[in-house]
Amino acid sequence: MPELPEVETVCRGLNQLTFGQTIRGGKVLLPRTLAYPVSIEEFLEQINNATFGQWQRRGKYLLVPLEEKKGWLGVHLRMTGQLLWVKQNEPLSRHTRLRLFCDRSKELRFVDIRTFGKVWWVPPNQPPETIITGLQKLGLEPFSNAFSLDYFIDKLKGRQRNIKTILLDQSVVAGIGNIYADEALFKSGIRPTTLGKELSQPQVKRLREAMIEVLKTAIEEGGTTFSDFRGVTGINGNYSGVAWVYGRHNQPCRVCGTPIERIKLGGRSSHFCPQCQPLGNKK
């Protein structure tokens, strides 16, 4: 699933290419892609002749205000969603779910192999979270000033779950997923099986700083492409080439040379270095 860096990469690409573009019609090729409204006719009627404002990212959601008081569009890429800015005569992928036609023979396509992705239209004068209810459950953004050490310590205090699972909880920190949880835990020297309540203040401080550093690096690299993620122009992300542990099972640790191990936690694969992330380390 695209995580914060991938969604941020898409957001920045959309702002470069679609800001000020006007929607001149569209086609919904898979009706269940629409989360709201479910009526294809109403959706297309409401967005027709609307102009894209500045795209925003909230957690793993993409939001854009539509000028001319046309409301908002919201998108969640889920597992395999892609937003691609292409020429209208570009060959159509069989996984294309939505087409929004714009000026100069361009269009914004939503391509989604697994079909879990969702698109919302939010009526004017309504906050997006009233329609896209998942927004209400999100925790702080890791780049926000409010994501302080005190906030993070408070969120981990007394927690009986392992730290990897906690980091994946979107109500704690918005946008972190499997890849960057593993990477941040490696950078901070914390084993993913460590319980939240067992972390010392220096460890929490290190983890917070590592999360921010890893996310910034991943954004600079255009995100991670292991299978389906693409930027708005179809370009792959490059972070996998510099990843510390994720996707590197049995390969030597980039720091100490110890083979990277992989275990299952909460149904997800977790990668770590047993040497650099020792059990019971409180420092």
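Positions of Cβ are set from backbone N, Cα and C atoms, glycine also.
Note that the structure is a prediction, hence the values are computed from the model and not measured.
Look at Swiss-Prot and you will find PRO2 tagged as active site, schiff-base intermediate with DNA, backed by sequence analysis. Within the same chain, residues at least six positions away from PRO2 (active site, schiff-base intermediate with DNA) with a Cβ under 8 Å of its Cβ are VAL10, LYS60, LEU77, GLY81, GLY177, GLY223, PHE229.
Annotation comment: Swiss-Prot describes GLU3 (among others) as active site, proton donor. Counting only same-chain residues six or more apart in sequence, the Cβ atoms lying under 8 angstroms from the Cβ of GLU3 (active site, proton donor) belong to LYS60, GLY175, ILE176, GLY177, ASN178, ILE179, TYR180, GLY223, THR224.
Residues or ranges marked as active site, proton donor in Swiss-Prot (evidence: sequence analysis): LYS60 (among others). Cβ contacts within 10 Å of LYS60 (active site, proton donor), excluding its own Cβ and spanning all protein chains shown: 23.
Around the Cβ of ARG268 (active site, proton donor), the same chain contributes LYS164, LEU168, ASN178, each under 8 angstroms and 6 or more positions distant in sequence. Annotation source Swiss-Prot lists active site, proton donor at ARG268 (among others).
Per Swiss-Prot, DNA binding site is recorded for HIS95, ARG114, ARG159, and the stated evidence type is sequence analysis. Reduced to three states, the DSSP call for ARG114 (DNA binding site) is coil. Non-local contacts of ARG114 (DNA binding site) by the CB criterion (under 8 A, 6+ apart in sequence, same chain) comprise ARG78, MET79, THR80.
Nonlocal intrachain contacts for the zinc finger (244-278), taken as residues 6+ away from its ends with a CB within less than 8 angstroms of a stretch CB, comprise 162, 164-165, 168, 178-183, 185-187, 189-193, 224, 226. Among the features that Swiss-Prot reports, zinc finger is placed at 244-278.
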Between all pairs in HIS95, ARG114, ARG159 (listed as DNA binders), what's the biggest Cα distance, rounded to the nearest Å?
41
For the zinc finger (244-278), jot down how many residues DSSP puts in helix, in strand and in coil.
0 helix, 12 strand, 23 coil
